[in-house]
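If you check Swiss-Prot, you get these features:
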type: BINDING; residues: CYS111, HIS114, CYS182; note: Zn(2+) binding site
Amino acid sequence: MSSLSKEAALVHEALVARGLETPLRPPVHEMDNETRKRLISGHMTEIMQLLNLDLSDDSLMETPHRIAKMYVDEIFSGLDYANFPKITVIENKMKVDEMVTVRDITLTSTCEHHFVTIDGKATVAYIPKDSVIGLSKINRIVQFFAQRPQVQERLTQQILTALQTLLGTNNVAVSIDAVHYCVKARGIRDATSATTTTSLGGLFKSSQNTRQEFLRAVRHHN
């Protein structure tokens, strides 16, 4: 982790300490992304051939490569902390001590059980202490952790822990409302249900008034 930004390393360490890091095995050896994509493409070719798909067809010919590129560069890019967003934490010179809330954060992730889409929105709030964060950075942190194979409960807590670590305060709350395509597109095929998860820290957990203020913001979003 020595080549990572200080912020990325701190967040990773905090998640490991809380048992919230995504299950990852230690790499057998260092591998660059182009090699990783080449190997994934090869395995994807085998899977498609086992499904009796004709990869000589011009519609399917590049599919293994496209999937490999999508996995490494896009939907699973959050597995690599080298992609952790550059974070700007600013001294709280204005002494802001009221809740800051960001609603309707677009979130697209992947269910780690079936590798199909999780599609939803997040609401994130915090009460500043000594530092505030650029608002777009909250969206970027949500997107970073969404770009992994995930379960929604862990994703919610990872975002909370990352912001607590970076802002130096426990007063953070996160709520995610999402549709899981492992429920919508397979199995029970329920097209209308959604899952809501909430993780509360500091005053959001201990103060009923603060908690209710946050939950009202969440309900307003819904």
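From the backbone N, Cα and C atoms, a Cβ is placed for every residue, glycine too.
In sequence order, THR110, GLU112, HIS113, PHE115, VAL116, ILE118, HIS180, TYR181, VAL183, ARG186 are the residues of the same chain, not among CYS111, HIS114, CYS182, whose CB sits within 8 A of the CB centroid for the Zn(2+) site. When Cβ atoms from all protein chains are considered, those within 10 Å of CYS182 (Zn(2+) binding site) total 17, not counting its own. Sequence-distant contacts of CYS111 (Zn(2+) binding site), defined by Cβ-Cβ distance under 8 angstroms and a gap of at least six in the same chain, are THR117, ILE118, PRO149, GLN150, VAL151, HIS180, TYR181, CYS182. Every protein chain shown contributes to the tally, and the Cβ of HIS114 (Zn(2+) binding site) ends up with 15 other Cβ atoms within 10 Å.
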